[in-house]
Amino acid sequence: MRQNKIPQATAKRLPLYYRYLNNLNRQGKKRVSSKELSEAIKVDSATIRRDFSYFGALGKKGYGYNVEYLLGFFRSTLDQHETTEVALIGVGNLGTAFLNYNFTKNNNIQIKMAFDSDEEKIGQIVGGVPVYGIDEMMERIEGISVAILTVPVSEADVITEKLVKAGIEGILNFTPVRITVPEDVRVHHIDLAVELQALVYFLKHYPLQSK
Ligand code: ATP
């Protein structure tokens, strides 16, 4: 794997850097300092400098970083040339929102198909994406490596098992269930309720100093 040398925390910031630098490039900016970047994307400048050193980009004092060089690096690292096709399971409220959103601002990720068990939803096109019956998932999902899971809690484990059998490599899990997968399947878990509760807790107990 090409990205082995980049620490995971750095890799997670890549899309953030990429999006911002792309904007700068569109505005015709040739260079950017770590301070400017830091203010724009709220990552401290020491972290940015360390991250960028992994990319072989060495900022020059008084000059900053070359925007085009960095973009070239990010494009190849994030495989911007390839489109990653994604499947979504569970076209409820959250699932429907994702289908309508469909990551149109990231031109390298696209939800290609969705699955549901509800007869009324099967056969519909939501946000341009066809909704198939869950019974068809095994045959249709072939060749797709990433799935977004937005089914009810009670269904999460069963669906996960099927996804694993179908050869899925990564699952973005929006259910509160800590799903179990084999070692070679990666799960990223996003529990929106927990995130929101954490934010409220921090606001209460760790108020930010007023500016
Ligand atoms: P809604 O109001 O549309 O039901 P919701 O997000 O509150 O939305 P949930 O009960 O969380 O509904 O279910 C999410 C979606 O998952 C629904 O569209 C439901 O039909 C679908 N679903 C439930 N069981 C399965 C299953 N076994 N396989 C695939 N999809 C399922």
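Heads up, residue numbers simply count up from 1 along the chain you see.
For all residues, glycine too, the Cβ spot is worked out from N, Cα and C.
Those TrEMBL annotations? Automatic predictions, nothing curated.
Database features, via TrEMBL:
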type	residues	note
DNA_BIND	16-55	DNA-binding region
DOMAIN	79-178	domain 'CoA-binding'
BINDING	GLY90, VAL91, GLY92, ASN93, LEU94, GLY95	NAD(+) binding site
Model confidence over the DNA-binding region (16-55), averaged pLDDT: 90
Additional residues surrounding NAD(+), by Cβ distance to the GLY90, VAL91, GLY92, ASN93, LEU94, GLY95 centre under 8 Å: LEU88, THR96, ALA97, PHE98, ASP116, THR150, VAL151
Three-state secondary structure, ASN93 (NAD(+) binding site) (per DSSP): helix
Tertiary contacts of the DNA-binding region (16-55), as residues 6+ beyond its ends and Cβ separation under 8 Å: 5-7, 10, 63-68, 70-71, 73-75, 77-78, 80
Densest Cβ neighbourhood among VAL91, LEU94 (binding-site residues), 10 Å radius: VAL91
Surrounding CB atoms that lie within 10 Å of the CB of GLY95 (NAD(+) binding site), all protein chains: 25
Among GLY90, GLY92, the one of these binding-site residues whose Cβ has the fewest neighbouring Cβ atoms within 10 Å: GLY92
